Amino acid sequence: MSNRVINWFRYASPQTFYPLAGQLIPWFWALAALFGALGLTIGFLLAPTDAQQGEGYRIIFLHVPASWMSMFIYLVMAFWAATGLAFNTRLSGMMASALAPTGALFAFLSLWTGALWGKPMWGAWWVWDARLTSELILLFLYIGFIALQAAIDDPRRADKAGAILALVGVVNIPIIYFSVKWWNTLHQGASVSLTKAPSMAAMMLWGMLFCALACWMYSIAVALTRVRTIMLERERHTDWVRALLADKE
Amino acid sequence: MHWNSLADFLAMGNHGLYVWGSVLMMALLMLAEPILLRHGRKKLVARLRRQYRAERSEARRNSQANPGRSKD
């Protein structure tokens, strides 16, 4: 048992994590491309027309994965932030910083695809509805996190400040998720949930799941790429970074 | 295959603007992010190598100027 704990913490050191991440990244890209091709083929070429929304519903294959990722990345970011505060490991803060821009990207995409879906279905690009507003707050939380970290010169202090912001903001995630239940909103209810059978055709469901998996793999690949850059930047005074960059000269 | 023709596919039942607008933005950003990352990484590596070279040549100059103190 104790051995396992030690091995786990071994990868918390940037020096060991850096080459491991470098080896994993191409695999995540390959999986992202595979799942993306499957999901888009099913979603855009094979899935049937929706009875109520016609062909416009196909935005679901982009909107739902983007929204899920925006929320899930925030949870992972908050997890790393908490780990960083608790154990003071260098890697945790770097992971949190590496995830934030990708989370912001998906939050933006969720709002963008949502607006383009809302216009034909509701007749409005935007309404101040609980689901939409809380997702907008999520985007602001990501931007706030990035701006706060950018404003503090010392990276360890930036990590701590960002971690507290990330942890406070976590309260917004259940608000987004349950907003369609707690309030009367224009936004439709969950298409897929853990507690009941999905309210959609099997083909649509598979398309959506593959697209979601593609977004997962994309996020992991991008976050690992970014964390490697952050590592080089922050560890530039260490011998291992010097040795690494000297080898390729 | 769900579609009868390419025109059908592109029209998306009169929702083409919305569907393709979503696809386009998502594709654009998900391509731009890794490209920007790659670019930023290359710039950082070049900057660090310059910095290391400058430090090494400065160390050499110092040791030539003060040969007795080179082992400090």
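Cβ coordinates come from backbone N, Cα and C, glycine included.
Keep in mind that TrEMBL annotations are predicted by a computer and have not been checked by a curator.
Pulled from TrEMBL, these are the features on record:
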- A:31-187: domain 'Cytochrome c assembly protein' (DOMAIN)
- A:27-47: transmembrane segment (TRANSMEM)
- A:59-82: transmembrane segment (TRANSMEM)
- A:94-112: transmembrane segment (TRANSMEM)
- A:132-152: transmembrane segment (TRANSMEM)
- A:164-183: transmembrane segment (TRANSMEM)
- A:203-224: transmembrane segment (TRANSMEM)
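If you look at the transmembrane segment (A:132-152), the same-chain residues 6 or more away from its ends with a CB under 8 A from one of its CBs are 67, 70-71, 74, 77, 97, 100-101, 103-104, 107-108, 110-111, 114, 126, 158-159, 161-162, 165-166, 169, 172-173, 175-176, 179, 187. If you look at the transmembrane segment (A:94-112), the same-chain residues 6 or more away from its ends with a CB under 8 A from one of its CBs are 14, 62-63, 66-67, 69-70, 73-74, 76-78, 80-81, 84, 132, 135-136, 138-139, 142-143, 145-146, 149, 158-159, 162-163, 166, 215, 219, 222-224, 226-227, 230-231, 234.
In summary, the transmembrane segment (A:27-47) lies against the transmembrane segment (A:203-224): three or more C-beta pairs, each 6 or more positions apart in sequence, are under 8 Å. On the 0 to 100 pLDDT scale, the domain 'Cytochrome c assembly protein' (A:31-187) averages 92 in this prediction. Here the transmembrane segment (A:164-183) has long-range neighbours at 71, 74-75, 77-78, 81-82, 85, 96, 129-131, 134-135, 137-138, 141, 144-145, 148, 189-190, meaning same-chain residues at least 6 beyond its ends whose C-beta is under 8 angstroms from one of its own.
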